[in-house]
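Engineer: Before anything else, here's the structure in question.
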Amino acid sequence: MSNFSSQLRASSALIKRLRQNRFPSTYPAAAAAARSFTTTECNRPTIVHKRSLDILHDPLFNKGTAFSMTERDRLDLRGLLPPNVMTSEQQIQRFMADLKRLEVHARDGPADPNALAKWRILNRLHDRNETMYYKVLIDNIEEYAPIVYTPTVGLVCQNYSGLFRRPRGMYFSAEDRGEMMSMVYNWPAEQVDMIVVTDGSRILGLGDLGVHGIGIAVGKLDLYVAAAGINPQRVLPVMIDVGTNNEKLLKDPLYLGLQEHRLDGDEYVEVIDEFMEAVYTRWPNVIVQFEDFQSKWALKLLQRYRNSYRMFNDDVQGTAGVAIAGLLGAVRAQGRPMIDFPKQKIVVAGAGSAGIGVLNTARKTMARMLGNNESAFESARSQFWVVDAKGLITEERENIDPDAQPFARKVNEANRQGLGEGASLVEVVRQVKPDVLLGLSAVGGLFSKEVLEALKESTSTRPAIFAMSNPTNNAECTPDEAFSIVGDNVIFASGSPFRDVDLGNGRVGHCNQGNNMYLFPGIGLGTLLSGSRIVSDGMLQAASEWYGANFTYLQKEGRTSQLSCAPM
């Protein structure tokens, strides 16, 4: 986890600089006005229209024993709290001591996995004292990011009906058609800066979890608060429940969502359209992050809304940004200049929304390095070999997905490589001998022993393996498998955190984490601070290339090398 910590510190440094950004006085008044809403509200004192127990029952305002005696008198709290006034640091120490005890003797029973027990304990704190919850999360981000976010959030979503205690966020359903414009005014916040919305159709690599997917929206926004400093009173997790095709949930009497099959076609789009119109009518400056929509809708909805609303899709664009940063960092880790990136041979396993997003962004990056003309785009295309559930994608594929079409290999190209339509992943790796093996398949163990053995024949002296699928069980391979089979010099990154691998004789195989959490808080904060009316490809490209250009290859005596983000 040491490299995970260094990456978090680097990301925090970047976000700190963004927070400290000051816009030049030479900017036009209109531009300054567009940005003013991002800062002025946060600096105003909060007027609390509550007293007594109502404050103690409100997690947004409750400070528990940290209320001073003056505050207790002013807010009618005297006598409702123990007399000892504690500092927030003392409160956290008390909570952490209790947490460590409860991790061993969890009140929810010994059958709970330890990570889920931690989530339950943290969630209870969130319910009663939001300020303290975020202090604990910020001060212990390395330990608790994997609890409130991936991989534990996947387990939470799978068990959400049983874990549900107190509503958090808003739920819009297919039964609310025609009512959403009035529904948005039921949310108490006058200003919302960030919305994370999901329809629950493709939660991580777990598939259709229906209304349970709200857990991923809550977890993402926790990181917006902890990592980007967004006001927790101005974030909103949203579930759009249009049904589920998960037969287990449809038959579960305890399931909390609509027990009907998913809407599709025009009916589905009409629900999303109504939601977008409603939230932007009430909060015209809000940023909406689309999260975990199934592939058939992710790209279509992104293209439908991106030029009209302040929105982005984290699976398509965020994953692409993190992957590009890692790919550029890998070039440097291989001891090559950045200009060599267009020469990298990359095998991509997975052609869903995340895979296509990575392919499009990587191609644009390569093409710009090669001159940004038609021949540059064609040259960049030839560096990718895309394998999906049916094998290698070539132009011979029937009913090929239009989004994957630009990356289908020409028949003569495949034949020259000794490959044909539908060739297996191991065959592609053996024949192409790639510099990078990139996994975005959501299929755990896809990089089998045979695939990793084939990668040993790579033309690169330091091949890179990116097993980016989440949660942990869906990782295409583990770092232990990568280092033990391919060799000590492999560059490894994964979507979920893994511990470094002890290679013996004092050598360490470093496990880098390539996860959207390093990018999406910065995208949201940067959009908020800049006042940009859309989230453009250029913004996302700049963010990913900045990170990639600042991934530094560190060679330490007696250990294998690692990638770490070194901020400028």
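Note: Cβ is positioned from N, Cα and C throughout, glycine not excepted.
What TrEMBL lists as domain 'Malic enzyme N-terminal' is 126-306. Feature annotation from TrEMBL assigns active site, proton donor to Tyr149. As annotated by TrEMBL, (S)-malate binding site applies to Arg202, Asn470, Asn515. Look at TrEMBL and you will find Lys220 tagged as active site, proton acceptor. The feature divalent metal cation binding site is assigned by TrEMBL to Glu291, Asp292, Asp315. Summarising the annotation, TrEMBL assigns domain 'Malic enzyme NAD-binding' to 316-568.
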Engineer: Hey, how far is Asp315 (divalent metal cation binding site) from Arg202 ((S)-malate binding site), Cα to Cα, in Å?
Structural biologist: 10
Engineer: Cβ distance under 8 Å to Asn470 ((S)-malate binding site), same chain, sequence separation 6 or more: which residues?
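Structural biologist: Thr150, Pro151, Gly154, Leu204, Gly205, Ala442, Gly495, Ser496, Asn515 - these are the non-local Cβ neighbours of Asn470 ((S)-malate binding site), listed in sequence order.
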Engineer: Which of the binding-site residues listed here (Arg202, Glu291, Asp292) have a Cα atom within 10 Å of the Cα of the residue listed as 'active site, proton acceptor'?
Structural biologist: Glu291
Engineer: Between Glu291 (divalent metal cation binding site) and Arg202 ((S)-malate binding site), what C-alpha distance do you get in Å?
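Structural biologist: About 9 Å separates the two Cα atoms.
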Engineer: Can you name the residues of this chain that are 6 or more positions from Arg202 ((S)-malate binding site) yet have a C-beta less than 8 Å from its C-beta?
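Structural biologist: Asp208, Asp292, Phe293, Gln294, Ser295, Ala298, Asp315, Gly352, Ser353 - these are the non-local Cβ neighbours of Arg202 ((S)-malate binding site), listed in sequence order.
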Engineer: Specify all same-chain residues, apart from the site residues Glu291, Asp292, Asp315, whose Cβ lies within 8 angstroms of the center of the Cβ atoms of the divalent metal cation site, ordered by sequence.
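Structural biologist: Nearby residues not in the site list: Thr198, Arg202, Ile203, Ile216, Phe290, Phe293, Ala298, Asn313, Asp314.
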Engineer: Give me the count of other Cβ atoms within 10 A of the Cβ belonging to Asn515 ((S)-malate binding site).
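Structural biologist: Within a 10 Å radius of the Cβ of Asn515 ((S)-malate binding site) lie 24 other Cβ atoms.
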